[in-house]
Structure formats: structure tokens, C-alpha cells
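Asks: Mind having a look at this structure? Questions to follow.
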């Protein structure tokens, strides 16, 4: 599939094993390339829906000087947004606990921004999914944190893990977006390269 991509070397610029797994599911050959210490800050003035795309574009710009003419780069960033604002990745157990406690018994938004870039083209998009969590008890939150240590995940949880099985009541939107890469939309966009 996607014969148009055969002219490119596809590069996924991500440390995320979930993004690697999801992109593999599209049956696209790619390599992973990671630059450490990319600035993931954003201006306070931008809307929450724009934050992930802003960061995904910043990541792409960091890679641009090293890109070969035949490379197609994919970058992404995911945030969790609640009534209290943006949740990124928790720095420690205490932050992860506070995040899960805040998500418990509420609906939150998961927004992923994706940037696809070649030397001549740069396309970006965002996908939003609403996730409804059941009420989580302290015992359930502590069990999850002790066993899964979700410190590399926006909002402090992985929907594909135990907490998703027992805590997610409903999703409106893409499940794969909540995992970190909206592969259906990505596939549609890749058709145009």
C-alpha cells in the first residue's frame, strides 16, 4: 500500500514504543531517529488544541537540518487536557497520582499533533479524542502506578494498559490517538505525499 511513499526513506522521530508499534501497524517501512533535548515548550498565548501541533512542528524543525532529500519525517506530540489545563508526562509518582486522581470520574480530552515533513512539503494536523474515566479508588491508582510506572505517558496513563481496561468507560474519537498516534488520519495524509 501507499506506493507513493516508496520514493522516501520514512523516519519516525519519536522515543515512544507505542508510536513505533502503531506506525508498524500501517505496514510502512521506517527507521526511528531520536534527537535528545528538543525544546518542548510553547507560548502561553496558544490555544490548548494548538499545543501538540506546535510541539510536533518544533520537533520537525529540530530534525530539518539533518534530513536527506529523500527522507519523509513524522513527528508527534500528545497532551491530555482537563478543566484544570494541560497535563503532560508526570515527572514522578506523586505527579502521576495527582493526574490520575484528577482524571477519575471525569471526561478529558487527548489531543495529538502530527507533523509530516519532506524537504519540499510540511503538513500538520491535530486529532482530539474525549475519554470518560470511571471513579478510580486510591487502591486502583496505587496498584497501577506500582505495576506500570506510566511516567512516559501524557496524563500519567496508557489506555492500552490495565488502567484503561478497568477505568475507561467511553471514548469519543480515535482510540489510537489516545495511545499517541492517530494512525487513520496519518494514513490519509500520507496518501498525498
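Cβ coordinates come from backbone N, Cα and C, glycine included.
Okay, these came from Swiss-Prot:
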| type | residues | note |
| --- | --- | --- |
| SITE | 18 | site 'Important for substrate specificity' |
| ACT_SITE | 77 | active site, proton acceptor |
| SITE | 78 | site 'Important for substrate specificity' |
| SITE | 160 | site 'Important for substrate specificity' |
Asks: Just the number: how many Å between the Cα atoms of residue 160 (site 'Important for substrate specificity') and residue 78 (site 'Important for substrate specificity')?
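Replies: Here the two Cα atoms are 15 Å apart.
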Asks: Since the record lists 78, 160 as recorded sites, which of them has the fewest other Cβ atoms within 10 Å of its Cβ?
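Replies: Result for the recorded sites 78, 160: minimum number of other Cβ atoms within 10 Å at 160.
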Asks: What number of additional C-beta atoms lies within 10 angstroms of the C-beta atom of residue 77 (active site, proton acceptor)?
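Replies: There are 27 such Cβ atoms around residue 77 (active site, proton acceptor).
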Asks: 10 Å Cβ neighbour count around residue 18 (site 'Important for substrate specificity')?
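Replies: That number is 19.
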Asks: Could you state the CA-to-CA distance between residue 77 (active site, proton acceptor) and residue 18 (site 'Important for substrate specificity') to the nearest Å?
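Replies: For residue 77 (active site, proton acceptor) versus residue 18 (site 'Important for substrate specificity'), the Cα atoms are 12 Å apart.
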Asks: Can you tell me the three-state DSSP label for residue 18 (site 'Important for substrate specificity')?
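Replies: Note: residue 18 (site 'Important for substrate specificity') is helical by DSSP.
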Asks: Do me a favour and check the Cα-Cα span between residue 78 (site 'Important for substrate specificity') and residue 18 (site 'Important for substrate specificity'); whole Å is fine.
Replies: 12
Asks: Three states by DSSP: which one describes residue 78 (site 'Important for substrate specificity')?
Replies: strand
Asks: Helix, strand or coil at residue 160 (site 'Important for substrate specificity'), per DSSP?
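Replies: The three-state answer is coil.
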